[in-house]
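> The structure follows.
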Protein chains: 2
Amino acid sequence: MSINAFNPTPRTLMGPGPSDVHPQVLQALSKPTIGHLDPQFVAMMDEVKALIQYAFQTENPFTIAVSAPGSAGMETCFVNLVEPGDKVIVCRNGVFGERMRQNVVRVGGEAILVEDSWGAPVSVDKVAAALAAHPDAKFLAFVHAETSTGACSDAKALCALAQQHDVLSIVDAVTSLGGVELRVDEWGIDAIYSGSQKCLSCVPGLSPVSFSAKAVAKLEARQTPVPSWFLDQTLVMGYWAGDGKRSYHHTAPVNSLYALHESLRLLQNEGLENAWARHRAMHEQLKAGLTELGLEFVVEEQYRLPQLNTVYIPQGIDDAKVRTDLLNNFNLEIGAGLGDLAGKAWRIGLMGYAARQENVLLCLAALKQAIK
Amino acid sequence: MSINAFNPTPRTLMGPGPSDVHPQVLQALSKPTIGHLDPQFVAMMDEVKALIQYAFQTENPFTIAVSAPGSAGMETCFVNLVEPGDKVIVCRNGVFGERMRQNVVRVGGEAILVEDSWGAPVSVDKVAAALAAHPDAKFLAFVHAETSTGACSDAKALCALAQQHDVLSIVDAVTSLGGVELRVDEWGIDAIYSGSQKCLSCVPGLSPVSFSAKAVAKLEARQTPVPSWFLDQTLVMGYWAGDGKRSYHHTAPVNSLYALHESLRLLQNEGLENAWARHRAMHEQLKAGLTELGLEFVVEEQYRLPQLNTVYIPQGIDDAKVRTDLLNNFNLEIGAGLGDLAGKAWRIGLMGYAARQENVLLCLAALKQAIK
């Protein structure tokens, strides 16, 4: 069996992630690999930490990049913080809320579901009622930006409720980080995770995570060991400590961290608020064009994520054929529906480096031809 | 705070990993990111699977790359296969045997330790005795190539014992894969994991894993859910199924998989046996030079790993100063001692692309100056 070198045809990535990676990030990715305990690398890791703190708008000393994709970032929060028997209020309005529930169950926690329909945001009122009904709850877990639907929930209001009821908040910011307003310290978020491959425009494979002092205290007070060795943050903290000691835990994904460093640097140079505004502006253009094409949004206007536009597939249109046409004729990837929306909707991403004028124009022109 | 682009000074990596990455692999790494469900990517994943099967010398259909470093590959084996109450005979002759024990304990298994000293291989006789003494044991877990000491254990004999006693074998091949003889099917290994960054000369961050039919049957017969959602192979199998369906589980680390594809292709082009012979030949040259410098090996000759040469630090030599000199003056990284050997030994790697003539010469000449 002879296997040739892989030379992918470049694509424009306007699905739910991975998104277009900035050329400078790909360039950083392929810089020479050095040791994960090399002083040069350790100094770069300190910068990565500072840059993640900036992106999250937090001063949490416990701020790291988990050496695996966003799903592992989610698991990092649950396996470290939730102990067997802990009651967790889990908000489910799409695929990722359900995944949170599964994480709670697997660590032996008790999940209290707050349900909202697909495409709707998490209901602040329902969460308030659930917190009142379960005074023994220890956590409130919800998804800020539901990647399966494109709905944005009011993280600020939900975290304020969590603080009132003295429960810790666990927030999924995989699709929100860098694309919409997110302020970890100001909003009082206790545990948050994201992914490298959405609005940060980095390659997939890393998950920025941050814990508040209260979350760290909960971790340190655990009665049972963290069930995962790989994700045990009591061990990983030694490596990210920034005290110059860097005790070995596992081999860091060196080159992927070069890429994350560069992508976060690009975000800092642009400025967070500017990045949010750019996503919003590109969304407005795309929305105007999609509406002109007669496509209807799944999510009500006020809850729409600018970086993830979910529209119903028009009657009589062959979902798979359109997506294949876009890919084969225009090298353009848009996302299929997921879960309840499979076969019913498309998810059009405008994430990070993909949120630019030329992508909006290409997408609208190509879609117009494909659905003719 | 203004942060500059990161431009690492290139190093020659002769520690215990990461090892020198082949230039073609770095080139592959930075090819344009495409979607993880793109037909081009899915076809490449099928090739990655076939190439991992070649490297492991197995026809196991369950052969994948875990989307995280080798430590997560280890955890993948334990969380999927070992259920609460399962008895596991764990061989400990270094850091990674101890890590296996911790994995067993965290999933609620019972670890029966077979201990050998640091630098010694796992004793086949002791394992035979342990298997005889524990007829209810379900697994035998050991490290093929101990990265903390440089000792190679007789995986073939140990797996034969496991088969005789009808227990499943779990084998750590992080440092062995590609560097020394390893034949998963012929030796009857049931679960094996490795890392991308040692003798495969790929970037760190991925872990090749393979399960035998018996291991898959054990997984499928589980009475309790796999404690980790991210590493649950009953879910991941859908993505690697190769039936053209690829159900979404998590976003694959696309670019790292390009790199793994290229590194495995290089291995296949060279030929496994040739790669083993090259590591052996380079080791012989290095050994001759180290002996001439008066350095003594920690491991007895017959058990030494060619790809990881552990030597005692001579009396009166300042460990940290020598390693810093090598790094600063020659851009050469060698490894410090780990665990029981911290401060007492150096670990000199000849892994994958690092196992070449010019590295051996550089290392010997530089060490000669540094320990003068």
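In case you wondered, yes, glycine gets a Cβ from its N, Cα and C as well.
Where the annotation comes from TrEMBL, it is an automatic prediction and has not been curated.
What TrEMBL records for this protein is below:
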- B:ARG347: substrate binding site (BINDING)
- B:33-337: domain 'Aminotransferase class V' (DOMAIN)
- B:LYS198: N6-(pyridoxal phosphate)lysine (MOD_RES)
> In sequence order, which residues at least six apart in the same chain have a CB under 8 Å from the CB of B:ARG347 (substrate binding site)?
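Within the chain, B:ARG347 (substrate binding site) has Cβ neighbours under 8 Å at B:GLY15, B:PRO16, B:THR147, B:GLY150, B:LEU308, B:ASN309, B:THR310, B:ILE334, B:GLY335, B:ALA336, B:GLY337, B:LEU338.
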> What is the number of other Cβ atoms found within 10 Å of the Cβ of the residue listed as 'N6-(pyridoxal phosphate)lysine'?
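The Cβ of the residue listed as 'N6-(pyridoxal phosphate)lysine' has 30 Cβ neighbours within 10 Å.
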> Between 0 and 100, where does the mean pLDDT of the domain 'Aminotransferase class V' (B:33-337) sit?
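That stretch averages a pLDDT of 96.
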